[in-house]
Amino acid sequence: MKPTTLSDLWQLKKEKRKFATITAYDASFAHIFAEQGINVMLIGDSLGMTMQGFNSTLPVTIEDIAYHTRCVRAGAPDAFLIADMPFMSYATPEQGCKNAAKLMRAGANMVKIEGGSWLCDTVKMLTERSVPVCIHLGLMPQSVNILGGYKVQGRDQSSANQLINDTLALKDSGMQMLLLECVPTELARQVTEKLTTIPVIGIGAGNATDAQILVMHDALGITAKPPKFAKDFLKETGNIRDAIRLYIEQVESGIYPDQAHSFN
Ligand code: KIV
């Protein structure tokens, strides 16, 4: 297999072909995801909840993400891996560079950081030093204590405008991918259209984005109280490999997410 690169993902955007991505934390699942055709995986700090049993992502450390990135890389040698920079690991651009290096050395192809235009200097510094950056906007789980819970973001005009302005500023600073979590479908559509070359991955952001991501525990019906946008593909298929195939097919054809799994 040829390794998946950022250029491949930019090409998919150009050709308006949707792609499915998923979180992965270990070699065995990463291998199954790659074997079924998922070429992009996120080593998300959601591992704090899914793997470590905490009630937020805040306790996760850079060493935790580096460890799981190495595991996923071992199981999926050709996949494009995005590794999450955990809470407080990029509070300054310099700290961000030092910690991003640990994830790139562990096998990541790109790092993901949560936040708006305050991250412009960090994005510039990282990309100038050859670290591709995905920005996470909308519901940012690391900011749960500021946001007052896990709520849909960008519902009113001023916060929607803020999100669009942040996106454009970060694009100008060098952002190479965007992840939008829990925002209304229409806002995600506008952002996806404004970013004419950069792929936008959505989760709880409707079906107008270029790609979708799900936490693997949500896609496989493991999460006790799944969010509204999550779909249990294992329930429909009865085995993990078919569940992942169905997820990919429904994303690529635009069937998932439907209205019932989106916010309007
Ligand atoms: O950490 C994570 O799993 C995420 C999700 C939004 C996919 O960032």
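From the backbone N, Cα and C atoms, a Cβ is placed for every residue, glycine too.
Of the residues proposed, D8, D64, D78, D84, the one TrEMBL records at the same Mg(2+) site as D45, E114 is D84. Around D84 (3-methyl-2-oxobutanoate binding site), the same-chain residues at least 6 positions away in sequence with a Cβ under 8 Å from its Cβ are L42, I43, G44, D45, V60, I65, V111, K112.
Secondary structure at D84 (3-methyl-2-oxobutanoate binding site), as computed by DSSP, is strand. Listed recorded positions: D45, E114, E181; maximum Cβ neighbour count within 10 Å falls on D45. Non-local neighbourhood of S46 (3-methyl-2-oxobutanoate binding site): T23, T57, P141, V215, each in the same chain, at least six residues away, with C-beta under 8 Å from its C-beta.
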